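Chemist: Structure below; questions to follow.
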Amino acid sequence: MGRPLIYEILEKPASSGVIALCSLIWFLIQKRGIGYADVGLSYEAAVEGGQHWRLITAAFSHVSVVHLVFNMSALWSLGAVEQAAGLGVQYYLHYTLVLVVLSGLLVLGIYHVMIRRFKVDYFRRVTAVGYSCVVFGWMTILAAKQPSSKLNLFGVLSLPISFAPFESLIFTSIMVPQASFIGHLLGIIVGYSIAWGLIHGMNNYWAVTMLGWIVLVFVLSLKRTGSLEMRFIEIEPVTDPSLPSVGVVASRNGRALQMDMLPGRGVADFV
């Protein structure tokens, strides 16, 4: 008989938290009837439409319950990273942030090249959604750092972790043709970049700084594109009759700047 689930959750707090978050987001999306095109990452929406917040929403959203279960099952197995010597929970959280943002930016970069350089307009409207870029990234990191580990899916399928990234890439491309081959491949590339030390130096300071910028860009892009009404950052006009008002009026010689002074003090015109 295996150990109670609660013990495994406590040993994998970051993985468990991500799984809970993705599950909650999937539930809210289903309940509110939101389509994946409304939250997914596409060049047309994220770059041309200024909806930069899709870099984040796309990663944590899923098309169907099968999509969610498959990704979360793989992520749960990869939670071994949190228990590995020299890695741990902080390492997991720091580089999850890197994987989410960098893989999304690289996807948009590839789309940009295909659209602008090679004139393949198809990539303008391709919409990527799901946590699989991050899953492939962690699969690759674990394969590079602990090649003797096993990747267990659904408790029945066990793969040698050293071959898992490219086996999974080929398998998903064949079995799920609509899966983002580019996104999965870029997740693997970012994963190797982290595992081999090409991307390194993440600590609490840089993680908090990066998170702060992500939140700022997320909120401002939501506000600017009108995707979410946030009254708490509205700038309300202030009208005070005791203060002068400045306006532009027409004159025979062109435009004139008119300043209305306080009552009883006349009007000053500047031509």
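The backbone N, Cα and C atoms fix where each Cβ goes, glycine too.
Copying in the features that TrEMBL gives for the protein in this structure:
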type	residues	note
TRANSMEM	12-29	transmembrane segment
DOMAIN	50-199	domain 'Peptidase S54 rhomboid'
TRANSMEM	91-114	transmembrane segment
TRANSMEM	126-145	transmembrane segment
TRANSMEM	151-174	transmembrane segment
TRANSMEM	181-199	transmembrane segment
TRANSMEM	205-222	transmembrane segment
Chemist: Looking only at the domain 'Peptidase S54 rhomboid' (50-199), what are its DSSP counts of helix, strand and coil residues?
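Modeler: Computed counts for the domain 'Peptidase S54 rhomboid' (50-199) are 99 helix, 9 strand, 42 coil.
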Chemist: Cβ pairs under 8 Å with the transmembrane segment (91-114): which stretch of 12-29, 126-145, 181-199, 205-222 has the most?
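Modeler: By the under-8 Å Cβ criterion, the transmembrane segment (91-114) pairs most with 181-199.
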Chemist: Restricting to the domain 'Peptidase S54 rhomboid' (50-199), report the mean pLDDT as a whole number.
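Modeler: Reported value for the domain 'Peptidase S54 rhomboid' (50-199) is a mean pLDDT of 92.
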